[in-house]
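Contents: one structure, followed by commentary.
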Amino acid sequence: MLKVYNTLTRKEEEFKPLNEKEVKMYVCGPTVYDHTHLGHGRTYVSFDIIRRYLEHIGYTVNLVINFTDIDDKIIKRANENGKNPKELSEQFITVFLNDMTTLKVKPADIYPKVTEHIPEIIAFIEKLIEKGFAYETENGVYFEVKKFENYGKLSNINLEDLFSGVRIETSEEKKNPEDFALWKTAKPGEPKWKSPFVEGRPGWHIECSAMSSKYLGEQFDIHGGGRDLSFPHHENEIAQSVAYSGKDWVNYWLHTGFVMVNGEKMSKSLGNFVTIEGISKEYDPEILRFFFIQRHYRSPIDYTAESITHVKNNLEKIYNVIENIRISLEKSEKSRVWGENEVLLYDILKNSKRNFYEAMNSDFNTVEALKSVFEVSNGVNKYLSLVKTPSEGLLLKAFDFFKIVGEIFGLFENYFKTSSESDDEEFIKFLIELRSDLRLQKNYEMSDKIRDGLKNLGYQIEDNPKEGTVFKKINI
């Protein structure tokens, strides 16, 4: 039974989607004015793993991630760079999507943009005005927070405490300081759209309510984002959406923890951020994914060069185990009679697989799940060191375990091949045989070219006096 931690209720709850086999999920996307950094990467990799696990246990996931492609920050950056806001936002949408591909994050089903949903946003605002939750002024439309009875439920504090010491937008035309903008009048030179109110553009919070309701309906299962979005963004989304429909909006609220640098949150405003584009030139994306799952998705994680190096070394140990299984399968026996060593490894595999699922069913606890991965790794290593002719069935069970882990965590991609990749492997074997013939003919120049070419493709050749020439997949 899957349980998830719900920020709204502050406890783990049994996961029951509205539709038995379908999960509707909305994750707040980026405001596209700059490069994606490691903090963003942590959020989207975390929800990618959550999505992968839900799909693994039988759900169909309908995932929506929005793009905020018009915003004060976008306008400011566009003016600084001498670009129009549309040009700038499209540039960084491309950067974001490329970064997600690099991180092996599966694409969302829909990536709606604010600028392409202005009619839906206007209609949403009109209904809020009609129902008495919003009011017009000369310069826009505001949501009247005091009209919404349960405001602050997500943040777990009352309205007075909520705004004590918090910097909020003030305006003489607002009824109350805490009221927030649904529609803003455009300043000279800014992008603007015609509306029944004033010519202008949407406020930040209304976009997610309008776009999620269009693609997922007035009620859906999971709303996610970084912890910093819980207030005011998600609090305001709840107010708008429940006021609009009169229904409970989202069943489960999930929030990811920060990536920390020297005790501070990684952020653009502090200038302590590391871009995905930059770090992926130095480290394989699987190392970054493996780094993120070292901590529970709700917990903060500290980024240091040392922590990445430590993660890299541990991941390479697992790669070596998977490669050793692949090589050992060639000398394994189907009918091997089981002895003490086989029974021991079988028990490790059975218990570790059970523990892995128990961990993932407990709010996607990757930290505990990883313990099972290392237990299997150690068990396989010990088994292969003790037997000369291993059991094929046991090795296939171990191989299958790593395949499942890889599918859920987005790891070990190079070790689990499609049929086309298997054809590639046959071609590589042919090249190795050709290289051996060239070496016998003492044509070392051509044989070295084959060796170096295969290395560039991610395959390392090892000449072993006992086993002949073998190859293994490496990360390049």
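Each residue, glycine too, has its Cβ placed from N, Cα and C.
Source: prediction; values computed, not measured.
Copied from Swiss-Prot, the annotated features are:
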BINDING   Cys28, Cys208, His233, Glu237  Zn(2+) binding site
BINDING   Lys268  ATP binding site
MOTIF     30-40  motif ''HIGH' region'
MOTIF     265-269  motif ''KMSKS' region'
Same-chain, non-site residues whose Cβ lies within 8 A of the Cys28, Cys208, His233, Glu237 Cβ center for Zn(2+) are Trp204, His205, Glu207, Ser209, His223, Gly225, Leu229, His234, Asn236
Which chain-mates of His233 (Zn(2+) binding site) that are at least 6 residues away have a CB under 8 A from its CB, listed by sequence?
Cys28, Trp204, His205, Cys208, Gly225
For Glu237 (Zn(2+) binding site) and the residue listed as 'ATP binding site', determine the Cα separation and express it in whole Å.
24
Averaged over the motif ''HIGH' region' (30-40), the pLDDT of the predicted model comes to 96
Sort the residues of the motif ''HIGH' region' (30-40) into helix, strand and coil with DSSP and give the three counts.
3 helix, 2 strand, 6 coil
So, by DSSP, how many helix, strand and coil residues make up the motif ''KMSKS' region' (265-269)?
0 helix, 1 strand, 4 coil
In sequence order, which same-chain residues at least six apart have a C-beta under 8 angstroms from Lys268 (ATP binding site)?
Asp34, His37
Does DSSP give Cys28 (Zn(2+) binding site) helix, strand or coil?
coil
